[in-house]
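**Q** Let me begin by handing over the structure; questions about it come next.
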């Protein structure tokens, strides 16, 4: 392996003079995601994804586990930071024309990552299975009901049954801890490699 050549390529990449702090928003979003991976992994040691034990396990994490309150708080703060930085990043890219040719596919992968980020928020919000989480899930999963023909089957697919319950929590837990992180781990490198290949767009 030509490790030195790879290291030189990474460390000697030309940075255009117009690049400022606003071009770091995507990197901050990535950092927030990595913090959530670390803290989320720690919380899985204590969280129990059942409707009878989920809330109690979160309470146990917050009150009994050493630094459990800090781990969960950092997870929540970094989640909010990730959403905020992603929104600002989208505005910066749009205002600087970073979505235009030849960077259309970079924009597409970014939009997919945006959808995944929102999905993280929706699924994670339900996991404590408190009153707020329960009713949020009920409302969100009920939205597709308005779609003609496929609305009802889609709602049942999201919930795992006709009503919100254990099947719903299991689905959301699986999405939040396995499927969404896996998809993000696929699209993030694609997004960064495209940026690396095509470079940073010019100034306004």
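Cβ atoms are placed via backbone N, Cα and C, with glycine included.
The following feature annotations were taken from Swiss-Prot:
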- 24: heme c binding site (BINDING)
- 75, 176: heme b 2 binding site (BINDING)
- 89, 191: heme b 1 binding site (BINDING)
- 23-43: transmembrane segment (TRANSMEM)
- 81-101: transmembrane segment (TRANSMEM)
- 107-127: transmembrane segment (TRANSMEM)
- 136-157: transmembrane segment (TRANSMEM)
- 177-197: transmembrane segment (TRANSMEM)
**Q** Short question: most Cβ pairs under 8 Å with the transmembrane segment (177-197), which of 81-101, 107-127, 136-157?
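**A** The stretch with the most contacts is 107-127.
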**Q** Out of 81-101, 107-127, 136-157, what stretch is closest in contact terms to the transmembrane segment (23-43), meaning most Cβ pairs under 8 angstroms?
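**A** Maximum Cβ contact count belongs to 81-101.
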**Q** List every residue in the same chain as residue 191 (heme b 1 binding site), at least 6 positions away in sequence, whose Cβ is under 8 Å from its Cβ.
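**A** Result: 106, 109, 110, 113.
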**Q** Per DSSP, residue 75 (heme b 2 binding site) is which: helix, strand or coil?
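**A** DSSP assigns residue 75 (heme b 2 binding site) to helix.
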**Q** Distance between residue 24 (heme c binding site) and residue 176 (heme b 2 binding site) at the Cα atoms, whole Å?
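**A** Residue 24 (heme c binding site) to residue 176 (heme b 2 binding site), Cα-Cα distance: 26 Å.
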**Q** Taking only same-chain residues 6+ apart in sequence, whose CB is under 8 Å from that of residue 89 (heme b 1 binding site), what do you get?
**A** 25, 26, 29
**Q** Which of these binding-site residues has the least crowded Cβ, counting other Cβ atoms within 10 Å: 75, 176?
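**A** Fewest other Cβ atoms within 10 Å, among the binding-site residues 75, 176, is found for 75.
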